[in-house]
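Engineer: Okay, these came from Swiss-Prot:
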{"type": "BINDING", "residues": "16, 64, 92, 98, 109, 119", "note": "ATP binding site"}
{"type": "ACT_SITE", "residues": "122", "note": "active site, pros-phosphohistidine intermediate"}
């Protein structure tokens, strides 16, 4: 894989209704931009039940599925796509683990979260998940296609 292709890896992030209500969107975007990732898609919406169920389809048989769908559809979500080298893995590290109380200080959930059911942000857990989630939340024309990364970031 060429370096250019690696630098163009994309991930899906969504600031959940609790993070939006608490005014954390700007802080979260700033963290990813300061890391060197490029914001290539951004929108705010209240997800439909169908979108939420499709997004969390892997959890359909889990006991928390109904509550998760209800929560994510309870208010505005800020959906984002970031691009950059290793962005999927880096974004997950920056988010922290699912339970905010177990997340390291310095991570988004470690710094701002207090409850596993209100953990502020979703991030894709693999390149494959990112591709699926991006396609679910964004139309191709809603994403920037020609992004020139800062030349000081990569060799």
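The backbone N, Cα and C atoms fix where each Cβ goes, glycine too.
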Engineer: How many Å separate the Cα atoms of residue 16 (ATP binding site) and residue 122 (active site, pros-phosphohistidine intermediate)?
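Structural biologist: With the alpha carbons as reference points, the distance is 7 Å.
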Engineer: Is it possible to get the count of other C-beta atoms within 10 angstroms of the C-beta of residue 122 (active site, pros-phosphohistidine intermediate)?
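Structural biologist: Cβ-Cβ neighbours of residue 122 (active site, pros-phosphohistidine intermediate) within 10 Å number 19.
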Engineer: Ranked by the number of other Cβ atoms within 10 Å of their own Cβ, which of the binding-site residues 98, 119 ranks first?
Structural biologist: 119
Engineer: What same-chain residues, at least 6 away in sequence, bring their CB to under 8 Å of the CB of residue 109 (ATP binding site)?
Structural biologist: 95, 96, 97, 98, 99, 100, 103, 119, 120, 121
Engineer: Could you state the CA-to-CA distance between residue 92 (ATP binding site) and residue 122 (active site, pros-phosphohistidine intermediate) to the nearest Å?
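Structural biologist: Checking the Cα atoms of residue 92 (ATP binding site) and residue 122 (active site, pros-phosphohistidine intermediate) gives a distance of 9 Å.
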Engineer: Out of 16, 92, give me whichever of these binding-site residues has the highest number of other Cβ atoms within 10 Å.
Structural biologist: 16
Engineer: Determine, to the nearest whole angstrom, how far the Cα atom of residue 64 (ATP binding site) is from the Cα atom of residue 122 (active site, pros-phosphohistidine intermediate).
Structural biologist: 16
Engineer: Taking the Cβ of residue 64 (ATP binding site) as the centre, how many other Cβ atoms fall within a 10 Å radius?
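Structural biologist: Here the count is 12.
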Engineer: Which of the three DSSP states, helix, strand or coil, fits residue 122 (active site, pros-phosphohistidine intermediate)?
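Structural biologist: DSSP assigns residue 122 (active site, pros-phosphohistidine intermediate) to strand.
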